[in-house]
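Q: One structure coming up, written as structure tokens, with questions to follow.
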Amino acid sequence: MDLVIMNFVFLLYLTSVVKCSIKLDFNKVSTPSKYTKRDALPMPLINDKILYTTELEIGSNKDKVSVSIDTGSYDLWVMSNDAVCYKVSEFQTEGAPQLPDIFNDIDQDYSCTFNGTYNSKSSKTFKNTSEDFSIGYVDGSAAQGVWGYDSVQFGQYGVTGLKIGIANRSSVSDGILGIGIANGYDNFPVLLQKQGLINKIAYSVYLNSSNSTTGTILFGAIDHAKYKGALSTVPVDSKSQLSVNVTNLKTKNGNVASGGHSILLDTGSTFSIFPDEWIDALGHSLNATYDEDESVYEIECDGYDEHFFGFSIGDSDFSVPIQDLKTEKDGQCYLAIMSNSVIGGGGILFGDDILRQIYLVYDLQDMTISVAPVVYTEDEDIEEILNPNEDQNEVPTSTSFTQSASSSGSQPSSTISGENMDKNTTSSSSGNCQTRSWIAILSALFLVYIHII
């Protein structure tokens, strides 16, 4: 995996329909990628990774900026047009842990402005808050700048008055569009609903298979073709992050953990984060060898067809192939799950490697998440998520659960220091839609970018 960096571009489209057929043609391009996260849960920098990003147009000049889509945070922040880019060793979060090499390359050379910048000074719709913006990540990367408000356009639609962090110094390669639980102000999903673009603050996520080049997110709607059985609805068990109770954690050879555990379901993370004992159980089930230098388990690169990591959420059972939980470096394969003891805190997280097996419906209004085993298909059966005041189920074809779980986690607090602060120097669409409702459904398609380094 050291040779390939994959970056999914998330292209947004808004339609005032329920049933749509949309054809998109994309160009395959090369792009550097270097990403970590965030403030809901400390995260590792993962050098060979998949990013889900959307191209936004910000301000009166419609500056084009690509930002990572993240259910684990709630802010939008982007690079300023005058941003200075640094290596992490030059501009970093103090006290960041030493991460295993297979997850981290803090001195990779890249441009933080590669994915576009925003010129707030030339935007006629920009409003300065005079607040300092600062964010630091567990891998050591950081960004600083100012907060402001401006309009954000996506396709032919947009929202106004969205709070934006504008970074003028950064050792992070990509800005972030957080679509998680709002905290203190109306973030992107809330404004979509308040400004009449969707009926309810809810969206569904379909990441598709690990070798696919496409996936979809629908704001305000569900695609029934993308899952099997019934959606199982469970409560979000945190006021600040989109985590749920997960049970029945197991492998082919036995249990990984007993009871229920609060786990963040985070599309903004390529890999998952487990406690040491869970990783040990997985490693032992594979007869893997622990690499003391890398602090990870060495595994075979193939031959695990019958092995899996299983778990349950509500009434739904899931099975993740072990092949989806590995990474490769210099011809050696590893079990690619980060230990939460390495990054500090007791938080547990399911990243994209696991979430590809789940069709997810995040309801930020009712604070629930609905899940079902995913079906990989190009078929569509899209239905809007109804207004809670209507006398119908808000999430169609679902069963509900109320469960308790043990939960532990940590919120990062970071200060930033700088040394050696020298400056580093299309798509098309077509389709037919049958109008059935005024309710707008915001949909998205992802395109994979492959970069050989």
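Placed from the backbone N, Cα and C atoms, the Cβ positions cover glycine too.
Fair warning: this is a prediction, and the values are worked out from it, not measured in the lab.
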Q: According to Swiss-Prot, which candidate among CYS333, CYS433 shares a disulfide with CYS301?
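A: Matching partner in the record: CYS333.
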Q: Swiss-Prot pairs CYS85 with one of CYS20, CYS112 in a disulfide bond, so which one is it?
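A: Matching partner in the record: CYS112.
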Q: Where the distance is taken from Cα to Cα, which of the recorded positions ASP70, CYS85, ASN128, ASN208, ASN211 turns out closest to THR267 (pepstatin A binding site)?
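A: With Cα distances computed to THR267 (pepstatin A binding site), the winner among ASP70, CYS85, ASN128, ASN208, ASN211 is ASP70.
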Q: When neighbour density is defined as the number of other C-beta atoms within 10 angstroms of a residue's C-beta, which of the disulfide-bonded residues CYS85, CYS112, CYS301, CYS333 has the lowest density?
A: CYS301
Q: How far is it from ASN128 (N-linked glycosylation site) to ASP266 (active site), counting Cα to Cα, in Å?
A: 31
Q: What is the pLDDT of the domain 'Peptidase A1' (52-372) when averaged and given as a whole number?
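A: So the average pLDDT across the domain 'Peptidase A1' (52-372) works out to 89.
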Q: On a simple 10 Å Cβ count over all chains shown, which one of the glycosylation sites ASN128, ASN245, ASN287 is most densely packed?
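A: The most densely surrounded of these glycosylation sites is ASN245.
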Q: What recorded positions among ASP70, ASN168, ASN211, ASN245, ASN287, CYS333 are found with a C-alpha within 10 angstroms of that of SER269 (pepstatin A binding site)?
A: ASP70
